[in-house]
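Marked as transmembrane segment by TrEMBL: 26-51, 63-81, 101-123, 135-157, 200-228, 240-263, 275-296. What TrEMBL lists as domain 'G-protein coupled receptors family 1 profile' is 44-296.
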Amino acid sequence: MVLISNTSALMPSTFYLIGIPGLEDLGFLTSISFCILYVFAIVGNSLMVYIIWTEKNLHGPMFFFLAMLAVNDLAFSSSTVPKMLGIFWLNDCGIEASACLTQMFFVHFLSVVESGVLAAMAYDRYIAICSPLRYTSILTYVVLERIAASILVRAFITIFPIPVLVGRLHFCGDDVVLHSYCEHMAVVNVACGDTRVNSIYGLVLSLSITGFDLIFIGLSYTMILRAIFRLQSRDARYKAVGTCGSHICVIIAAYLPGIFSFVTYRFGQKTIPHGVHIFLANIYIVFPAFLNPIIYGVKTKQIRASVWKMLQ
């Protein structure tokens, strides 16, 4: 994917990533920690996809979205962690401009996909609890495919302009990116000249997509809670809450580091060290990918039983 065919005169041929400043003395420990999280994320999500693919009793709407989330987590963590480890272990800081823009596209594309999948999973839980008798008739395979396609198309349409806009900037010979991967604003901050369009587009995009998905998730769970409180049986209430527990944990793990990283990067530049921003940006990518298989493996009875079956 080459996005800079006519911009070689405007951009340096190679950018240089600095890793995580301020953690040079703890570089080995930091890299080992991220490597362990990444390995567990790859193993856990791969196992999740394999179980859902091979166990026919898991071929339902909830597990369709769970498999989609696992595949996205595999790609999301793999888009940044290997390069970051190369910076720490091999001092391989250079990245070609075209590769940098490609990485930028996929990092933000996969972030939007993850947000869309979490919103779709909230809708799945709403249907499962509020209309359980119509669950399979509403969420048919055709509907699931359309939801998945809309998530991917939305992410592509909204994110594709980002590397295109960056590719049109002037860089005046500066090629050092103060980040461990080619994050949009980190690369924009290296450019000289007017970067308002990039900044405004990135801000509006982040607020609109995250805001829309969070509002959708909030409305879904508001209606879910109303339906739960109408149940007469206490056991039925606990069971209904239990079906949502995994998803709520995943939402917290995904959105909390992301929102905190976004707020501190946009509005806390003068109060929070830059290394903290970069560290949080990496945690936002790799930690949910590590945590999601554990959450669903512990809280979902069918997956837990399938894992135990494989171990036996």
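Glycine is treated like the rest: Cβ placed from N, Cα and C.
No curator has checked TrEMBL annotations; they are predicted automatically.
Remote same-chain residues near the transmembrane segment (63-81) are listed as 34-35, 38, 41-42, 45-46, 48-49, 52-53, 103, 106-107, 110-111, 113-114, 117-118, 120-121, 124, 144, 148, 151, 180-181, 250, 282, 285-286, 288-290, 292-293, 296, 302 (criterion: CB distance under 8 Å, separation of at least six residues from the stretch ends). Of the candidate ranges 26-51, 101-123, 240-263, 275-296, 101-123 has the most C-beta pairs within less than 8 angstroms of the transmembrane segment (135-157). Outside the transmembrane segment (101-123) by six or more residues, the chain places 1-4, 62, 65-66, 68-69, 72-73, 75-76, 79-80, 83, 95, 147-148, 150-152, 154-156, 158-160, 162-163, 166-167, 181-184, 187, 209-210, 213, 216-217, 220-221, 247, 250-251, 254-255, 258, 285, 288 with a CB less than 8 A from a CB of the stretch.
Counting Cβ pairs closer than 8 Å to the transmembrane segment (200-228), the top stretch among 26-51, 240-263, 275-296 is 240-263. Nonlocal intrachain contacts for the transmembrane segment (26-51), taken as residues 6+ away from its ends with a CB within less than 8 angstroms of a stretch CB, comprise 19-20, 58, 66-67, 70-71, 73-74, 77-78, 81, 84-85, 88-89, 279, 282, 286-287, 289-290, 292-294, 296-297, 303, 306-307, 310. Outside the transmembrane segment (275-296), and at least 6 residues removed from its termini, the chain residues within Cβ reach (under 8 Å) are 19-23, 30, 34, 37-38, 40-41, 44-45, 47-48, 66, 69-70, 73-74, 76-77, 79-81, 84, 107, 114, 178-181, 183, 246, 249-250, 253-254, 257-258, 260-261, 264-265, 268-269, 303.
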